[in-house]
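If you check TrEMBL, you get these features:
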DOMAIN    22-406  domain 'Cation/H+ exchanger transmembrane'
TRANSMEM  38-58  transmembrane segment
TRANSMEM  65-91  transmembrane segment
TRANSMEM  111-132  transmembrane segment
TRANSMEM  139-158  transmembrane segment
TRANSMEM  178-197  transmembrane segment
TRANSMEM  204-225  transmembrane segment
TRANSMEM  245-278  transmembrane segment
TRANSMEM  290-309  transmembrane segment
TRANSMEM  321-349  transmembrane segment
TRANSMEM  361-380  transmembrane segment
TRANSMEM  386-404  transmembrane segment
Amino acid sequence: MSSATALGTTPKFLVLVALLLVVARALGSVTERLGLTRVVGELGTGFVLGPSVFSRLLPSMYDPLAPAVASTLLSDLSLLGLVLLLTLAGLETDVELVRSYARDVITIGSVGVAVPFAFGLAFGLVIPAFLLTDTTPRLVFALFLATSLCISAIPVIVRILIDLEAFDSTFGQRTVATAMYTDVVGWLLLSVVVGVARVGRLDLRAVGAVLLTLLSVLLGAVFLGQRVVDAALAHLDEADVRSHLVVVVAAAVGGSALTYAAGIEPALGAFAVGLLFARAGGIPERARAALERVTLGVFAPLFFGVAGLNADLGLLFDPTVAVVGTATFVIATVGKIGGVYLAASWLGYDGPEAVGMGIGLNARGAIEIVVATVGLELGILSTRMYTVVIAVAVLTSAMTPPLLRRVLRGIPGDSTPRRAPESVE
């Protein structure tokens with residue numbers, strides 16, 4: 001980019017960032033009052049300011065901002081929001097909670113991932129060709145679609161359970177623990193699929209190379225990264241909030257850069273860094289709260305807003321796209337709720353508990369938006385399919401609170417599984 005071009009784009013970029021923040025705050029408050037999650041409103045910001053609404057209703061006002069929408073500055077800023085959001089998710093992951101419900105979590109989480117993954121893979125193999133990109137093999141696209149449909153969103157699930165006053169119940173803790181496990185599995189799957197997509201082919205050698213790289217990075221994080229994090233925290237004053245923030249953010253950005261250099265999606269690096277700090281005992285509450293405020297108050301809304309800018313809801317009015325979108329939503333919902341229900345019922349959970357866990361884990365929200373953004377940037381998803389996946393993320397998050405509220409009426413607040421969960425230790 002030339003200096004002239006950069007100077008010409010910068011004022012428009014700043015105006016667009018200001019608009020994204022203000023509108024995200026307003027729409028987030030509206031959706032919260034409607035009983036939905038703030039993420040729905042923040043994502044709607046991009047719909048309102050992008051090609052879905054603003055461009056169609058006021059093209060003369062949108063056109064001057066179009067260069068800023070396509071600016072790499074905006075993309076890079078949203079990437080920082082993604083890194084901080086995933087770091088925060090990893091930081092707030094309770095590793096001991098996952099271990100305490102290990103057998104149930106692994107069983108329910110694995111089936112809850114496998115069923116929608118299988119449905120998504122099969123569906124991806126028969127989707128009309130005009131909805132795909134020309135550069136990505138159909139099988140790679142199908143694997144990516146399957147991965148995007150099998151995940152769950154920890155931030156959305158936790159927020160919903162807190163709002164419904166069910167977070168501290170046994171049901172809530174089991175659901176959160178399973179969502180954490182699902183999240184980790186989802187990021188591992190995404191890393192493999194993205195690695196294969198970058199290689200450009202799907203064969204045993206390519207998959208093996210990706211898995212070897214992923215294993216090397218994970219082992220390095222566990223044995224070397226953990227020592228670095230432990231040593232860094234040991235040298236910090238508990239009351240020094242700024243130093244803790246600098247260390248966490250620097251580690252997150254650095255970890256993301258390292259994983260990207262290794263051919264792995266940077267989001268996994270950010271999540272892994274958060275997990276390392278969580279395993280080390282976390283950071284002081286004041287530092288964690290400060291990181292949460294700046295992430296959820298500024299950077300996450302920018303990320304979701306930019307994600308919405310890249311979607312064009314007008315494409316859903318195409319009959320074929322609408323049918324594919326509806327089918328994708330049904331497959332994702334039936335696969336997730338059905339898979340979780342079958343596994344939980346097999347373990348002896350009551351009907352309302354099994355259904356409730358399925359409904360809770362069906363919320364995809366922020367995480368599916370992250371995955372969709374990765375797919376769009378890598379050319380795996382076309383704009384049409386990106387819009388479909390974004391719509392699924394919004395709809396599953398919006399439908400979860402009212403459905404879960406109704407199901408929770410039949411679940412005792414102190415409900416426990418008929419067989420006590422066992423630790424892996």
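Just so it is clear, glycine is given a Cβ too, placed from its N, Cα and C backbone atoms.
Automatic, uncurated: that is what TrEMBL annotation is.
Counting residues 6+ beyond its ends, the transmembrane segment (111-132) has Cβ neighbours under 8 Å at 138-139, 141-152, 178, 182, 185-186, 189, 320-321, 324, 327-328, 331-332, 334-336, 338-340, 342-343, 358, 361, 382, 384-385 in the same chain. Count of Cβ pairs under 8 Å against the transmembrane segment (139-158): among 38-58, 178-197, 245-278, 290-309, 386-404, the largest is for 178-197. Counting same-chain residues at least six beyond the ends of the transmembrane segment (290-309), those with a Cβ under 8 angstroms from any Cβ of the stretch are 17, 20-21, 23-25, 28, 39, 42-52, 69, 74-75, 77-82, 84-85, 87-88, 91, 241, 245, 248-249, 283, 366, 369, 372-373, 390. Between the transmembrane segment (38-58) and the stretches 178-197, 204-225, 245-278, 321-349, 361-380, the greatest number of Cβ pairs separated by less than 8 Å involves 361-380.
The recorded stretches the transmembrane segment (321-349) and the transmembrane segment (361-380) share 3+ CB pairs below 8 A when only pairs 6 or more apart in sequence are counted, and are therefore in contact. Outside the transmembrane segment (361-380), and at least 6 residues removed from its termini, the chain residues within Cβ reach (under 8 Å) are 37, 39-40, 43, 75, 78, 82, 85-86, 112, 133, 135-136, 140-141, 144, 147-148, 151-157, 160, 175, 178-179, 182-183, 186, 190, 194, 197-198, 265, 267, 300, 304, 307, 310, 332-333, 336-337, 340, 386, 389-390, 392-394, 396-397, 399-400.
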